[in-house]
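Q: The feature domain 'ABC transmembrane type-1' is assigned by TrEMBL to 59-269. What TrEMBL records for 65-86, 98-126, 146-165, 200-227, 247-271 is transmembrane segment.
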Amino acid sequence: MYLNEQMSDEEKEAIRENLGLNKSMPEQYWGWAKEVLKGDFGISLANHTSVSEQIIKRLPATLQLMGAALVLSVLLAIPLGLWSGYRKNTWIDNIISGLSYIGMSIPSFWLGMVLIIVFAAKLHILPSSGMHSVGNESFLDTVKHMIMPCITLSLSNLAVFIRYIRSNTIGQLGEEYVLAAKAKGTTGGKLLKRHILKNTLLPIITLLGMNLASIVCGSFIIESVFGWPGIGTLAMTAIGVRDYPVIMAYVMLSGIILVVGNFIADILYAFADPRIKREDMAND
């Protein structure tokens, strides 16, 4: 990318010195780390532009897709998981469980290509790639472009959430407080909403923190399949041309997203169960 056969040894050495490649590995890493702390991830080897500027430009699209997929997964998984556990071993449970097993086994990139073939190439209902149509950046146009990548990214997590919530619901149904509520005539949706839901909320928050890694990694693939202009597509392109500053920035940013996500999950713990906050205060 920088060197070619026509360059003299002096020119090659000047480039090595400019990139800091003439220093030892610890010195190179320490210099890179100091600049990262300032928010500078270096210069792209492919297009010679600031890596930080490229990430800032693309990060909102990635967060938008990840957030929508996460919300969709939770909103669908909670009622399906609760009802599947409540109706254990019935035809409803069998259907929901069967679909969740299928969802966990389907490769996300394969599902994405199937959706593109069916809804974009065959039916012409949804756009196949990108975030906006040419000359149209309206909210509705963005939603249309987001539907297929959002469904693809959320499917595997949705299936895992359903299985986890179902398992917790079955466990809660044997608790004394649930048996007492049933004895008072509380059944169906009221029992699930008033008693079981709030006691399965903490495990759901735990699961959200645990599955952030799969969502971050999944967005890397899904963005490439659908041409979504996020940092996943940027990283995939960087890997193809060995643009190491961009690759290192993507890995670092993915780690930051995981840490921040788990930190938010810890905060939500205190809101979901005030006893946790009181215990922390007592320990202090």
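Every residue gets a Cβ built from N, Cα and C, even glycine.
Heads up, TrEMBL stuff is auto-annotated, nobody curated it.
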Q: Below 8 Å between Cβ atoms, which of the listed ranges 98-126, 146-165, 200-227, 247-271 makes the most pairs with the transmembrane segment (65-86)?
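A: Between the candidates 98-126, 146-165, 200-227, 247-271, the best contact partner of the transmembrane segment (65-86) is 146-165.
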Q: Excluding the flanking five residues on each side, which residues at least 6 beyond the ends of the transmembrane segment (98-126) place their CB within less than 8 Å of a CB in that stretch?
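A: Contacts with the transmembrane segment (98-126): 80, 144-145, 147-149, 151-153, 155-156, 158-160, 162-163, 218, 221-222, 225-226.
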Q: With a Cβ cut-off under 8 Å, give me the same-chain residues at least six positions beyond the ends of the transmembrane segment (146-165) that come close to it.
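A: Result: 64-66, 68-70, 72-74, 76-78, 80-82, 84-85, 96-97, 99-104, 106, 108, 111-112, 115-116, 119-120, 126, 131, 200, 203-204, 207, 211, 214-215, 218-219, 222-223, 225-226, 228.
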